[in-house]
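Visitor: Take a look at the following structure, please.
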Amino acid sequence: MAGENHQWQGSILYNMLMSAKQTRAAPEAPETRLVDQCWGCSCGDEPGVGREGLLGGRNVSLLYRCCFCGKDHPRQGSILYSMLTNAKQTYAAPKAPEATLGPCWGCSCGSDPGVGRTGLPGGRPVALLYRCCFCGEDHPRQGSILYSLLTSAKQTHVAPAAPEARPGGAWWDRSYFAQRPGGREALPGGRAMGLLYRCCFCGEDHPQQGSTLYCMPTSTNQAQAAPEERPRAPWWDTSSGALRPVALKNPQVVCEAASAGLLKTLRFVKYLPCFQVLPLDQQLVLVRNCWASLLMLELAQDRLQFETVEVSEPSMLQKILTTRRRETGGDEPLPVPTLQHHLAPPAEARKVPSASQVQAIKCFLSKCWSLNISTKEYAYLKGTVLFNPDVPGLQCVKYIQGLQWGTQQILSEHTRMTHQGPHDRFIELNSTLFLLRFINANVIAELFFRPIIGTVSMDDMMLEMLCTKL
């Protein structure tokens, strides 16, 4: 019957009988014949050539006669074909293909259809591949948000440890990037996460330098770095560790030299003709205001050098016990020398000079020594410091202001004659006087004169030295 020509051949009944006969004869499902590369039929005009079913309720494969190649295969480009192809590739490929990270910028337009979709079992991320319109290869669409998310999630699970940043060459000062992130690596145990980016200059993966993330410490070890690696604070920074108390290493020699310098300073000031015409109270006002600065200029002229050592500052408990012992032991009348010592501030109550304050003194001396100031220049600088019209309590302000202006004029003429060229020497000499503002008179008194004069005030010493013949 099958090999003969019947009049019913081509009818619906004939086709049904032949289909039922072929179903019983072929217990196995024929495989789909996917030969040659064909774009497939997407119009759906051709009728179905065959319909093959599998026994036991298995899937049915629908074949269509392609209008391009004339062969029977599933209709490519249709929704059914895409679903079947994707399902077949999902079970066939257990591993996600790695993205081809070549020198291609990738396809960011999204005009090409997806070439493949690969899923991983266990709920792992899905890598979507696109046919690049630049290089013609299949790789994730670079530059898109989806590519960034998938690449970051993939490398987060792959890399167990964060590599160190590789600032190669001179690219470390670049603060921007144009390409995709090269990797994001997380450490187990809640440790810090290092984000790597592909640099648009050197082509390597390193942290985005110059950003807030790069400035943050990448590990707890860097946050707890040794204090030796940190830059030292300047001597005028009171928040640094330079507030430790210090004392003279050789107090007897240094204090005697400082006392001799103070005596020469007062002798220089006292016998100035323009200073002698002032009343005693005005002389005392000027000297009490500038004796420390004048002494520093004298010590710089004498080239006095000294060294200091750290001393242990008394604790708060020792201060409380000393004060309470002094208060409870004052019931009986004390003799005059003991009373004077009792009224004077004890050694624990006095402010001990700190290392930063002593460093300010040494900086001023070094500045003066570097300029090689002559004797006349020292004298003019002393006159500028002595005749200060801004001293509070001064009555003859105009007279003192004229003396300071005249001293500056003489110093300017002297530097112009001794040093050819512009007034750089005059400016450098006056810049040394600016450093005197960082030096406290009480520090000089405690450092150089307290071991000798004891509890005597420096103001009383100035009055006594002005009234006596030196």
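Cβ from N, Cα, C; glycine included.
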Visitor: For the annotation motif 'LXXLL motif 3' in Swiss-Prot, which listed range does it cover: 146-150, 161-165, 291-295, 296-300?
Guide: 146-150
Visitor: Limited to the motif 'LXXLL motif 1' (13-17), I'd like the whole-number average of pLDDT.
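Guide: Computed over the motif 'LXXLL motif 1' (13-17), the mean pLDDT is 77 on the 0 to 100 scale.
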Visitor: Six or more residues beyond either end and a Cβ under 8 Å away: which residues meet both conditions relative to the motif 'AF-2 motif' (461-466)?
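Guide: Hits for the motif 'AF-2 motif' (461-466): 263, 266, 270, 280, 283-284, 287-288, 291, 449, 453.
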